[in-house]
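Chemist: Have a look at this one.
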Amino acid sequence: MINVGIIGAGGWGLALANIFSEKHNVKVWVHSESSYKLLSTSYRNDNYLENIQLNKSIKFTTDVGEAVNDSEIVIIVTPSFAFADACINIEPYISNDQILVSATKGLDRKTGKTMSEVARSIISGDLSILTLSGPSHAEEAAKGVPTAVVVGGEKGVSEYVRDTLTVPPKFRIYNSTDQKGVEIGGALKNIIAIAGGIVDGLKLGDNTKAALITRGLHEIVRFALSKGARIDTMYGLSGIGDLIVTCSSGLSRNNRLGRELAKGKKYQDVIAENHGQVAEGVYATTAAYEYAQKNNIYMPITEAIYNILFNDANIQDTLTELMSKDAKSEGFF
């Protein structure tokens, strides 16, 4: 049994707290006083995990130092736009003998950096920084539905985190040394998931969904290889695994956003209707689109979602344009 500190009390942060508290001492940093009072008295937050009672052994705090101090493993689980601030907040308290894990699936909307790159640019010292990702709806994982994820980072440390945080038979962790690939797969699948929601909203059928997932994976692979990631990672849990579950399920915020876009709504209105809960694909779309444009990477689905989100492109016209592109080989390049 070790001490685990979790920075962030959204759906995924609370789900991880519920899982890891079965084996370890878990302390969760909560951003707002109102959420802290709710969680510390009722051990639930239906805005994120509806009808799920959290383990009473979980400790909640509004003091970030209290969550970080004495924690062998510190896990940041915030939206990507708040990740840099989370790193700034924990920097005075975290030390080289601790392990930092990012469980945020996104890219920095201003710089396009992965979360581990953001962390390394802010936190001084030489501590190990890893990434946790994979097909994992918070609502299911918190209930104990069998879930498998991957932790990416240096070999010895990722193996230690794998062995320490796995909670059989509910939560299985694999490890990978391709941290960049693990991060990219987890971030870019959110873009394709928005498209998946549009497909669902328009009731286009299984043929269209299969084509989207397959061609979407091609785009993720092109992007990942340009960043130095390994292609085999894209065929693992953080790649195709997360892509399938996020594109196919209404539990995904990104998928739900796409369904609402198909009704003619603007993404800002959808986020407001959902208590401000973030669809990470919005930020990932901006970062990936701009990177692809600068580096001449062929990502037509990403470009289409960018134009729908930010240029008010007509969805039916955009779909017609995608399906009318010049014929080409099926290969990645």
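Glycine is no exception: its Cβ is also placed from the backbone N, Cα and C atoms.
For TRP12, HIS31, LYS105, ALA138, ARG253, VAL278, GLU280, the entry in Swiss-Prot reads NADPH binding site. Summarising the annotation, Swiss-Prot assigns sn-glycerol 3-phosphate binding site to LYS105, GLY134, SER136, LYS189, ASP242, SER252, ARG253, ASN254 and lists sequence analysis as the type of evidence. Here Swiss-Prot flags LYS189 as active site, proton acceptor.
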Chemist: Same-chain residues six or more away whose CB lies under 8 A from the CB of TRP12 (NADPH binding site)?
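Modeler: For TRP12 (NADPH binding site), the qualifying residues are VAL77, ALA103, SER136, ALA138.
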Chemist: Quick check: in three-state DSSP terms, what is ASP242 (sn-glycerol 3-phosphate binding site)?
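Modeler: DSSP assigns ASP242 (sn-glycerol 3-phosphate binding site) to helix.
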Chemist: Tell me which of the binding-site residues LYS105, ARG253, VAL278 ends up closest to LYS189 (sn-glycerol 3-phosphate binding site) in space, Cα to Cα.
Modeler: LYS105
Chemist: From the Cα of GLY134 (sn-glycerol 3-phosphate binding site) across to the Cα of VAL278 (NADPH binding site), what is the distance in angstrom?
Modeler: 18
Chemist: Nearest by CA distance to ASP242 (sn-glycerol 3-phosphate binding site): which of the binding-site residues is it, out of HIS31, LYS105, ARG253, GLU280?
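Modeler: Checked the binding-site residues HIS31, LYS105, ARG253, GLU280; minimum Cα distance to ASP242 (sn-glycerol 3-phosphate binding site) goes to LYS105.
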Chemist: Compared by Cα position, which of the binding-site residues HIS31, LYS105, ARG253, GLU280 is the closest one to GLY134 (sn-glycerol 3-phosphate binding site)?
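Modeler: For GLY134 (sn-glycerol 3-phosphate binding site), the spatially nearest of the binding-site residues is LYS105.
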Chemist: Which site among ALA138, VAL278 has the most other CB atoms no more than 10 Å from its CB, taking these as binding-site residues?
Modeler: ALA138
Chemist: In this structure, which of the binding-site residues SER136, SER252 has the fewest other Cβ atoms within 10 Å of its Cβ?
Modeler: SER252
Chemist: Over all shown protein chains, what is the count of other CB atoms within 10 A of the CB belonging to ARG253 (NADPH binding site)?
Modeler: 24
Chemist: If you draw a 10 Å sphere on the Cβ of LYS105 (NADPH binding site), how many other Cβ atoms land inside?
Modeler: 30
Chemist: Looking at the binding-site residues ASP242, GLU280, which one has the fewest other Cβ atoms within 10 Å of its own Cβ?
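Modeler: Minimum Cβ neighbour count within 10 Å, taken over the binding-site residues ASP242, GLU280, occurs at GLU280.
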Chemist: Let's check the environment of HIS31 (NADPH binding site): how many other CB atoms sit within 10 Å of its CB?
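Modeler: Around HIS31 (NADPH binding site), other Cβ atoms within 10 Å: 18.
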